[in-house]
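**Q** Below are the features listed in Swiss-Prot for this protein:
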type     : residues                                       : note
ACT_SITE : H450                                           : active site, for 3-hydroxyacyl-CoA dehydrogenase activity
BINDING  : M324, D343, V400, V401, E402, K407, S429, N453 : NAD(+) binding site
REGION   : 708-729                                        : region 'Disordered'
SITE     : E119                                           : site 'Important for catalytic activity'
SITE     : E139                                           : site 'Important for catalytic activity'
Amino acid sequence: MLYKGDTLYLDWLEDGIAELVFDAPGSVNKLDTATVASLGEAIGVLEQQSDLKGLLLRSNKAAFIVGADITEFLSLFLVPEEQLSQWLHFANSVFNRLEDLPVPTIAAVNGYALGGGCECVLATDYRLATPDLRIGLPETKLGIMPGFGGSVRMPRMLGADSALEIIAAGKDVGADQALKIGLVDGVVKAEKLVEGAIAILRQAINGDLDWKAKRQPKLEPLKLSKIEAAMSFTIAKGMVAQTAGKHYPAPITAVKTIEAAARFGREEALNLENKSFVPLAHTNEARALVGIFLNDQYVKGKAKKLTKDVETPKQAAVLGAGIMGGGIAYQSAWKGVPVVMKDINDKSLTLGMTEAAKLLNKQLERGKIDGLKLAGVISTIHPTLDYAGFDRVDVVVEAVVENPKVKKAVLAETEQKVRPDTVLASNTSTIPISELANALERPENFCGMHFFNPVHRMPLVEIIRGEKSSDETIAKVVAWASKMGKTPIVVNDCPGFFVNRVLFPYFAGFSQLLRDGAGFRKIDKVMEKQFGWPMGPAYLLDVVGIDTAHHAQAVMAAGFPQRMQKDYRDAIDALFDANRFGQKNGLGFWRYKEDSKGKPKKEEDVVVDDLLAKVSQPKRDFSEEEIIARMMIPMVNEVVRCLEEGIIATPAEADMALVYGLGFPPFHGGAFRWLDTLGSAKYLDMAQQYQHLGPLYEVPEGLRNKARHNEPYYPPVEPARPVGDLKTA
């Protein structure tokens, strides 16, 4: 053994060939600060071996290196800029020394090689991969950019266009694509990986492969003519501006850095990467996006822990076909859980099956599946007008009309047709689960399972625990949701549960703004362009459906009359009475026409102005700051109340539900992350300016206490140790 660290070791293989093996104590390898330091020590040992002829890098895990240790990021991002820059210089010196070894090097890459893992293998001369490879640089999705030389080496290896596509979008690619663009040199079966890598090394050692020529371009300026450079970088900047926008500075910074570094060799190019990385790491956007990643890991870990003792349902059923039922059936079947889909109407069944088939055909068109796979999946969805097969299902989700009487009748009837241990769930969006449970003989086997539309795209499923829902029931439904590829978050029961309960105060803020003379077009523009929502409130209401919102608004008002009961006729009422139901009938706040792809495209419709004038004061202008404050305060206050009342368990789960269920702007990180960034005292000052608008603007006492003591909702993070300590971590 030449070297043994906590996460890697170095040993001789044969005849002057050494192997450096990543083998962390956990289930995966991460390139954390300790591993970077250990890698530097191992390379120091290699530099002393006069008989070294070649080096093989490999992993003892199912994945090579999944990336940097993101749990370290928030503390690293608090380190002063100069210290962070010094540590990056140290880390890059490690990879430079790996790249500069006077012998050929190869990485045998299996599974994931992401972020720092990808940057590590870019420093070797050759890369041999297995078919399960996923390799790339996802840093821009975390609000930063590659910091271990990825933005320098990848463009010089692949060319500017391919590298920009991966780096700016934070993409990873599979084995075939990686081979095609030159990111790896070959793909072999897993059992042949080490053998194949040694064979390539031998060819390089023997002079059959010119490893020095392979290495040289990574040390030099990017080979690109002025015209080629102008085209590549102009197109890339245009694409990034269009897709990322101003709220996500990392992608455009990465592109500009690669452009600026193109005319320099490795050392100066790495200095430019360093100078760009450090300011990005200190942005609120980076902290928020890293926070989302960590919250996602927390939520998924909680679901995994909750379901460790239950069996995932093997057969499911959906009550109520149509678009929603068909979407749920598709998602379950697509992920391997067969479904019985029942409806009382043949047309609805046809609609549900058509929806499932349409979604499968999209997969076929994209080349994700072949005709055989399509036929296989669709054959596991069984449409029926009766209860045939319900005696074999493990879980049933009801997705009929949003009417408590209808839902109770359907659920009570279904309970008599299934096994005593079968779990029933309702896809209601607003009706309290405990109320629906009153119709059942076995309420302990019942809970809520709130999907979001469109089911195949929206990652969140709210799992609602009723007063009598058993732990086993919740666990089984969480297991099914996880199997479907969704992110389940368990909430306690109340009208609207969590997501809709906090959404409707936001809509109420919108209605009050309109009533006071604000224009919905400006509100939409401000909330989209300035705050960063994917849709403004008017557009979102049109997508949800004005009729759906009108009904849900009444349910929420009955559930929370003190805050959500209104004593005036609002814009939603006016549009509902005029039969303007939104996208579903082409008329809402906006008018909708289908584009060439059959998708609804919004257009101006001056008719709506006359309707709104009847429920609004004369038009007046509102500042962007006032619009954002009046829209967000009711939502944030309600989010805080839900935490204080135990409807949602943690700030992390609340923020993920908002991001995954409503599209809360990820660069803000969710309501609690936004609050912490703004500061609770500053938020309180802002909210008090609008408390005259009514109870929705009254800040909950718990938040007032936070403001008094200057306490955040997320645990405070301590800065990482000084750079000198980090080197020897």
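The backbone N, Cα and C atoms fix where each Cβ goes, and this holds for glycine too.
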**Q** What is the biggest Cα to Cα gap, in Å, among M324, D343, V400, V401, E402, K407, S429, N453, the residues listed as binding NAD(+)?
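**A** Farthest-apart Cα atoms in M324, D343, V400, V401, E402, K407, S429, N453 are separated by 19 Å.
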**Q** Among E119, E139, H450, these being the recorded positions, pick the one whose CA is nearest to that of V400 (NAD(+) binding site).
**A** H450
**Q** With the cut-off set at 10 Å between Cβ atoms, which of these binding-site residues ends up with the most neighbours? Options: S429, N453.
**A** S429
**Q** Looking only at M324, V400, V401, the binding-site residues on record, which one has the least crowded Cβ, with the fewest other Cβ atoms within 10 Å?
**A** V401
**Q** Please report how many Å separate the Cα atom of the residue listed as 'active site, for 3-hydroxyacyl-CoA dehydrogenase activity' from that of V401 (NAD(+) binding site), as a whole number.
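**A** Taking the Cα atoms only, the residue listed as 'active site, for 3-hydroxyacyl-CoA dehydrogenase activity' lies 13 Å from V401 (NAD(+) binding site).
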**Q** C-alpha of E402 (NAD(+) binding site) to C-alpha of E119 (site 'Important for catalytic activity'): distance in Å?
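**A** If we compare the Cα positions of E402 (NAD(+) binding site) and E119 (site 'Important for catalytic activity'), the gap is 52 Å.
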**Q** Can you grab the distance from D343 (NAD(+) binding site) over to E119 (site 'Important for catalytic activity')? Cα atoms, rounded to a whole Å.
**A** 53
**Q** Could you say which of the recorded positions E119, D343 has its Cβ with the most other Cβ atoms inside 10 Å?
**A** E119
**Q** When DSSP is mapped onto helix/strand/coil, what comes out for H450 (active site, for 3-hydroxyacyl-CoA dehydrogenase activity)?
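**A** Strand, per DSSP.
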**Q** Fewest other C-beta atoms within 10 angstroms of its own C-beta: which of the recorded positions E139, E402 fits that?
**A** E402
